[in-house]
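Visitor: So TrEMBL has the following annotated:
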| type | residues | note |
| --- | --- | --- |
| REGION | 42-68 | region 'Disordered' |
| COMPBIAS | 44-56 | compositional bias 'Low complexity' |
| BINDING | H101, S118, Y204, M205, N206, S225, H320, P321, E322, T337 | iminosuccinate binding site |
| BINDING | C165, C294, C384 | [4Fe-4S] cluster binding site |
Amino acid sequence: MSSVNTAIQLITREQAERKVPAASTCSPALARGPWDFDAAESRAGAPAYGPGASSADVAPASTPRQGQLPEEYKLASDAELDARIRAAKATLGDRAVVLGHFYQRDEVIEYADFVGDSFQLANAALTRPDAEAIIFCGVHFMAETADILSRPDQAVILPNLAAGCSMADMADIDSVTECWEQLEELYGTEPDADGRVPVIPVTYMNSSAALKGFCGDHGGIVCTSSNAATVLEWAFERGQRVLFFPDQHLGRNTAKAMGVPLEKMPMWNPRKDLGGNDEQTLQDSRVILWHGFCSVHKRFNVGQIDKARAENPGVQVIVHPECPMEVVDAADSAGSTDFIKKAIAAATEPATFAIGTEINMVNRLAAEYPQHTIFCLDPVICPCSTMYRIHPGYLAWVLEALVRGEVLNRITVDDEVAGPARVALERMLAARP
Ligand code: SF4
């Protein structure tokens, strides 16, 4: 039977070899088969994402359900799955392209034709116009973006439909629409003397297609962790303030670096009237931050940075801007996955790096740059537990189905959502620093 926890075992071994204090995972459930979650039911009866996604996280009712992975894929050995995936890929040739996110486990990444962040991958798919199928080994919102940007006749496939993103689910279209209605009632809709509307919606790439569409429909825009400052500048030129969702940390870290005072960045709690704020606070605001976060990046703390510095004199600490503000402030630098990769690639002399981002990416960088000492700030092994559900068994399943002419687990964004979402994405591409 295939080992479900190969990545976890490798990570543990590598950390032990480098004498990095580690030893435990953030959830023992990570060593179980991802297919266990296909059958899991939450207390409310809705499909559950399972431990590690976020506390008591439950997949939204609209989440597609794939049913159970056939037994043969659960029971297959690693070697058998490897042979079947390679054979299916060889048969499909240019008809299929496999994309692997930076945070994806190594046992899946080895079959990827492209590896990158979500937006790089969506664009990489465009460079393979012959591909009838785009197999996205990431999470649901990434596959949606690829579907929005790809041709209608190209099928975007998410090998395991349980691979969602807990952060993306923290802002749903109903809550954001309700928030917007309350803000319109408070601010009105008339522009000021400089022609700036009261508020511009900005959504992080890590959000549902419905929210990207909302931004397209309401004069708003999408951002990535690479271009968030450029996008906020774009928004401030057109609006008196910004409603930023779903990640409070990326919004706060970016706006703070641009000089926006913290007291002008109230948080919007969707469960409370006016998001839990009084009218004056919202009137005075420059960036209204949605109450969302990444369960992986939220784990990093200043104590880990202090410890890394005490134990590794000269260490460079680089963290992702989805980390809390005090962590970003304490680090030597902060930036997107691409920024982190480039910072390490640019180091000409052997150096020590403590990184605050997802563990699979950190360990891949450590393997790629053996001249450096590279380790994850978090001593507890905590991969993106939802992306982790793309086990090789699911990849073999969807690829072999394609060979038979069947498309499984296709992600399709309706035209009425895809149209405005594309507008918001195109505004992002046109925004220049
Ligand atoms: S690392 Fe965090 S934000 Fe990224 S896909 Fe996983 S849960 Fe979502």
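Glycine too: its Cβ is placed from the backbone N, Cα and C atoms.
Model, not experiment: these values are computed from the prediction.
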Visitor: Do me a favour and check the Cα-Cα span between H101 (iminosuccinate binding site) and C384 ([4Fe-4S] cluster binding site); whole Å is fine.
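Guide: Taking the Cα atoms only, H101 (iminosuccinate binding site) lies 11 Å from C384 ([4Fe-4S] cluster binding site).
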Visitor: Which is it, of C165, C294, C384: the one of these binding-site residues whose Cβ has the most other Cβ atoms within 10 Å?
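Guide: Sorting the candidates by Cβ neighbours within 10 Å, the top entry is C384.
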Visitor: Quick one: of C165, C294, C384, which binding-site residues lie within 10 angstroms of E322 (iminosuccinate binding site), measuring between C-alpha atoms? Sequence order, please.
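Guide: Near E322 (iminosuccinate binding site) by Cα: C294.
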Visitor: Taking a cut-off of under 6 Å between Cβ and any atom of ligand 1, tell me which of the binding-site residues H101, Y204, N206, C294, H320 pass.
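Guide: Only N206, C294 qualify.
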Visitor: The record names H101, S118, Y204, M205, N206, S225, H320, P321, E322, T337 as the residues that bind iminosuccinate; what is their largest Cα to Cα distance in Å?
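Guide: So the binding residues stretch over 18 Å, Cα to Cα.
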Visitor: For Y204 (iminosuccinate binding site), name the DSSP secondary structure in the helix/strand/coil scheme.
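Guide: In the DSSP reduction, Y204 (iminosuccinate binding site) maps to strand.
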Visitor: Can you list the residues of the same chain, besides C165, C294, C384, whose Cβ falls within 8 Å of the [4Fe-4S] cluster site's Cβ centroid?
Guide: Y103, V139, S166, M167, A168, N206, S295, V296, H297, E358, T386, M387
